[in-house]
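My questions will all concern the structure given below.
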Amino acid sequence: MSETAKKVIVGMSGGVDSSVSAWLLQQQGYQVEGLFMKNWEEDDGEEYCTAAADLADAQAVCDKLGIELHTVNFAAEYWDNVFELFLAEYKAGRTPNPDILCNKEIKFKAFLEFAAEDLGADYIATGHYVRRADVDGKSRLLRGLDSNKDQSYFLYTLSHEQIAQSLFPVGELEKPQVRKIAEDLGLVTAKKKDSTGICFIGERKFREFLGRYLPAQPGKIITVDGDEIGEHQGLMYHTLGQRKGLGIGGTKEGTEEPWYVVDKDVENNILVVAQGHEHPRLMSVGLIAQQLHWVDREPFTGTMRCTVKTRYRQTDIPCTVKALDDDRIEVIFDEPVAAVTPGQSAVFYNGEVCLGGGIIEQRLPLPV
């Protein structure tokens, strides 16, 4: 069977990137079908970009391209493997990244297995802005060509085996090119805005949404000097480095500089703040990470020089990584970094290649 006659199942989200991915694969001669995943049972009404509207858009695109669209419900898997962990992390005072977990457990596990076993797929494809390259018999994950849209940060948990079974057609393009293709084809998704909500849950108001599942516990806001200057509505609504939504202005003694969250005392339900986005209490010289995933699946020992991102869209930070044991590493930055947040992911790179990453267990504060 020739490479180009192979069957690809495209994860159709109802967005422009997956729509154009399906068309690009058709142009490359693959046998293309779509799959729409429903991963959340609750419908919050028409004001949100609901699964029903997304499904209608996905169906319209598939009709236009002349391909079959399958649907599958992964709501149970999403609840058990993504959402419960997401809530547990917030409860513990950390700030998780559900999109990374969703890619790991749903898009590149449940979807990959379903496509291969139930639909006879040779490959799956998604609209992620990443690229793959085969080096020394292993598939590597590369940054997307469009540096503004690169999504490798969200896919660091993938193994080389999963990458080998996945295609990323728009990773070779820039976003404006993708929209232009969709417009030229007359696809309904051409001008649809990019989704920014929690993976699969949509554009709900975050505080309201989280409050349904975790009871909020108001508590004190104190400065780094120990002065009480306000009340927070729940630690879970705040993350390190956050400026908005604190409800405090300048103080009589302080400057007019804005306040930032510099620490969360979970045990005592206290939010600690300081003025200025470069306050020493916000800065870290490094971090400890755990729950490590390396794309090549080789255990990491010793030390290495590379770059790291501690959040999406951050400029790469040069660093030295040292193995502490099988599942923990110490990362020392070349220069102090602001707002390193436990629960988020640290993702490592060697040039264009995403090496893997782990969950930030603790930050190493700047000695004061």
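Note: Cβ is positioned from N, Cα and C throughout, glycine not excepted.
Note that the structure is a prediction, hence the values are computed from the model and not measured.
Straight from Swiss-Prot, here's the annotation block:
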ACT_SITE  CYS102  active site, nucleophile
ACT_SITE  CYS199  active site, cysteine persulfide intermediate
BINDING   GLY11, MET12, SER13, GLY14, GLY15, VAL16, ASP17, SER18, MET37, GLY127  ATP binding site
DISULFID  CYS102-CYS199  disulfide bond
REGION    243-252  region 'Interaction with tRNA'
SITE      HIS128  site 'Interaction with tRNA'
SITE      GLN344  site 'Interaction with tRNA'
Among CYS102, HIS128, GLN344, these being the recorded positions, pick the one whose CA is nearest to that of GLY15 (ATP binding site).
HIS128
CA-CA, which of the recorded positions CYS102, HIS128, GLN344 lies nearest ASP17 (ATP binding site)?
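Going through CYS102, HIS128, GLN344 one by one, the Cα closest to that of ASP17 (ATP binding site) is HIS128.
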Considering only the recorded positions CYS102, HIS128, GLN344, which residue has the minimal Cα-Cα separation from GLY11 (ATP binding site)?
HIS128
Check the region 'Interaction with tRNA' (243-252) for me and report the mean pLDDT.
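Taking every residue in the region 'Interaction with tRNA' (243-252) and averaging pLDDT yields 72.
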Can you tell me the CA-to-CA distance separating CYS102 (active site, nucleophile) and MET37 (ATP binding site), as a whole number of Å?
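MET37 (ATP binding site) has its Cα 12 Å from the Cα of CYS102 (active site, nucleophile).
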Rounding to the nearest whole angstrom, report the longest C-alpha distance spanning GLY11, MET12, SER13, GLY14, GLY15, VAL16, ASP17, SER18, MET37, GLY127, listed for ATP.
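Per the listed residues, the maximum Cα distance equals 16 Å.
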Does GLN344 (site 'Interaction with tRNA') have same-chain partners at least 6 apart in sequence with Cβ under 8 Å from its own Cβ, and which are they?
THR95, PRO96, ASN97, THR310, ARG311, ILE359, ILE360
Drop a 10 Å sphere on every Cβ of the binding-site residues GLY11, GLY15 and tell me which sphere holds the fewest other Cβ atoms.
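Selected from the binding-site residues GLY11, GLY15 on minimum Cβ neighbours within 10 Å: GLY15.
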Using C-alpha atoms only, work out the spacing between MET37 (ATP binding site) and HIS128 (site 'Interaction with tRNA') and round it to an integer in Å.
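HIS128 (site 'Interaction with tRNA') has its Cα 16 Å from the Cα of MET37 (ATP binding site).
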Return the residues near HIS128 (site 'Interaction with tRNA'), defined as same-chain residues 6+ apart in sequence whose C-beta is under 8 angstroms from its C-beta, sorted by sequence, else 'none'.
ASP17, GLY144, GLN151, PHE154, LEU155, PHE168, VAL170, GLY171
